[in-house]
Amino acid sequence: MLERAALLHRLRLPAHSLPFIYNGALFGGAKRSFSATSKRCTYEEEKAVLDELKPQLTADDLKHSKLLRNIGVSAHIDSGKTTFTERVLYYTGRIKAIHEVRGRDSVGAKMDHMDLEREKGITIQSAATYCSWDKDQESYHFNLIDTPGHIDFTIEVERALRVLDGAVLVVCAVSGVQSQTVTVDRQMRRYNVPRVTFINKMDRMGADPFKAIQQINTKLRIPAAAVHVPIGSESDLCGVVDIINRVAIYNEGENGEVLRKGPVPEELQDLVEEKRLLLVETLADVDDEMAEIFLDEQEPTVQQIKDAIRRATIARKFTPVLMGSALANTGIQNVLDAIVDYLPEPSEVLNTALDVSNNETKVNLIPSSHHPFVGLAFKLEEGNYGQLTYIRVYQGKLKKGGYITNVRTGKKVKVSRLVRMHSNEMEDVNEIGAGEICATFGIDCSSGDTFTDGKLKYSMSSMYVPDAVISLSISPNSKDSATNFSKALNRFQKEDPTFRVRFDPESKQTIISGMGELHLEIYVERMRREYNVACTTGKPQVSYRESIQIPATFDYTHKKQSGGAGQYARVMGNLTPVANSSENTFTTAVVGGRIPDKYLAACAKGFEEVCEKGPLIGHKVLGINMLINDGAIHAVDSNELAFKTATTAAFVQSFMQAQPVVLEPIMTVTVTAPNEFQGNVITLLNKLQAVIQDTENGHDEFTMTSECSLNTMFGFATSLRASTQGKGEFSLEFKQYSPASPQLQKQLIEEYRKSKK
C-alpha cells in the first residue's frame, strides 16, 4: 500500500482534496482539445441530469434497462474482432458451431455474411446480432455490432458507435496500439462511448500484454490497468488470473466452453499482487471514492474495486484491460462478465434531441417504454425483401403495424414488419422497447433520419461523415446495363454516406469518390456481383483542394443591360486565408442598409457555389473567409441574381490575386512487416518522398509510421507485396491538406486550363 504522504505528493493535492487525473485528448473533425476539468464536468452534468430523469422510469423500465447492453466490437484490422465475436455468439448459445474468418470449411464467420468478406477475410459492413448471457442468476440481453477494422470502411464504425452505449476495444498482444486503434479511440471519444479493452492473440509468439497496456495509456491517453494476468505465455497459454478476486480461470473442453477455477499459481502470486496494487492505484487517480479509501490507507474490498471500475469506465476516465485469445478459445467468457459489470445500461447514458418545433431547444430523452416514441435510423441495407432500416429506439416503443413519422420529411409510414437481426438472418418480433436496436422494412428514409410518433418533432444529431479522399471515373461496359448501373449507384449512395457520385459535365463521365482504393474497389466488385454490371474504371483521381496564402480586397461591379430591366450589383470586401480550417466562412459588415439582407443572402449563395468548384483547378475551396463590408444597388436593375453573380466574379478575381495554392491530401501510412524487410520498406517509402515519423521494432515484426502524399500512393500495395514477399501490410488514414509541390501545382493548373478551352 502506498504511504499517504507519497500518494499526496504524487497527486500534488492538499490533504482535503480528492484526486482527479485525466489526460485530455484531441477528437473530432475540428480537433478540439478537452481539458480534464471540462470532461469531468461534462460527465458530472450528465449524471446529475440522469438522476433527475430516473423518477420518470417505472420499475419495469429499470429492470428492462438493467438487463440490456448495447455494445460494439472495434479494433485495428486483423486484431481478431470477428473471431472474438464468433466466440461470443458460440458461448452465449447463439450459434452451435465455430467457424473461422478464413476457415477451411468455406462457411466463414457468422458476422461476415457477404461473399466478399469471406473471400478477403475482412469485415466490410458492420453486422448486428443479439444474444443472452447468464450471470448472477440473471439473463442479460446484448445487442452486439461487429465493425470493420479497415480505415476505408470507417463510416461503419461511426454509425455503430453513434447508437451504442459501450464498446469492446480489441488490441493485438503482439502489435499493440496501431493506427486504426487510435482512429477508433477518437471515434469512441466523439460519441462519448465507454469501453473495456480486450488484449487478444495472447497465444502468439511475441505477445506482450503489459507493453500494450502502456501504449493504451500513452498513445490513447486514457488511464488503463490490467484486471487479468495470463497463465502461460504464447503457445502455452491456458488461462488467466482474475487479479480482483485472486482466482485462476482455465478454459477447458473442446472449444473452451468449460470454465474451471482454482488457486493462483505460486509462480504468479507476486505478479498478481503487483498488478492488483497498480489497478487500485490507477483507480485512485480517477475515482473519488477509491481515492478516499486509498488516502485512509484501507484495503479495498472486491466489491469496492468492481464498483470503482464501473464508475470510472462509465465516466470515460478509465478502461479495464482483460486478456486472452479468441482463436485459442481463452478468456472470452470473462469479457462477457466484464460487459455486464462495467459497461452502462441504457438508463445510465444521457441521450438528447433537438425540438424542431421550439427553436431546436435541446431536450433529454427518457429510456422509458411509456413515453412517446423517438428513434434514429442509423444504417440502411438492401435486403431480400427491400430496404432494411436499422433503428435504435431511444424512447417509447416501436410496434409492428404502428405508424411513425420521419421528422425530416414529415412523412408518416407504417411499420409493416419488425425484426431483430442476427447477421444476415432475422427474427420477427411484435414490438421493441426503449434502449433496443431493431430493423424494419418498407421505410423510405436516409441514414441519420429521426422518427417519432408524429406528436413530437424531435431531431437527433447524426454521425460524423468524413470527406472523400479519392475519386475515379466509372462507366458500364454495356449500354444495356445503364439502368442497373444507375440503380446500384443510387443504392450504394443511400447506404454509405462516404460513397459519393457525381457527373462531370466537362468529361461527360460518372465520378465516384470514397475513402480509399479498397473502398471503391469493393463497390465496383459489388456492382458486378449484385447487379451483373461489369464496369470500366479510370485512373484514380486525388481530391485536391484550393486555397489562398495572403489576403486580397475586391471592389467589383456587375452590370448587364439587355433592353429591359438589367442587372446591377456592386460588392466590396476582402478574402482572407483561415489557417488550419476545414471550412469556409462568409461574413458581412454592411452598415446603413447599403445592401439589403435579401441580396446579402444571394451573395452567400454565390460564395457557397464558387467554393464547390474553385477557379484554380476546379476543385473545392478550403480555409477561406469572405467578408462583404460595402456595396451599392440600383433602384430598378438590382436583384438576387445580380448580387450572386457579382459575388462569384469578385471571389474569382480576388482569389487569383491572393497567391492561390493547390492543396493535396497527406496520409498517415502505417506499414507492418517482418523485421528482415525493414530496409526494403524504408527504401520504398523514400522513393515516395514519405517522411518517416516513428518505427517500433517487435520480436518478429516492425511497425513504421510515415506521412506521404496520397498522389504517390497508388499502386503501393503491389510495391509493398513485392518488397516484402507478400508478408507486409499497410493502412492509410487521411491526416491533413498541405500545399502540393510547385511542379504538381503547375501541371494541374495547365491541365485544367486546357480542359476549359
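Any Cβ shown, glycine's included, is placed from N, Cα and C.
The transit peptide annotation in Swiss-Prot covers 1-41.
Positions annotated as domain 'tr-type G' by Swiss-Prot: 66-347.
Following the DSSP three-state reduction, the secondary structure of M202 (GTP binding site) is coil. Here Swiss-Prot flags 75-82, 146-150, 200-203 as GTP binding site, drawing on sequence analysis.
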How does the model score the domain 'tr-type G' (66-347) in terms of mean pLDDT? 87
A correct count of other C-beta atoms within 10 Å of the C-beta of D78 (GTP binding site) gives 21
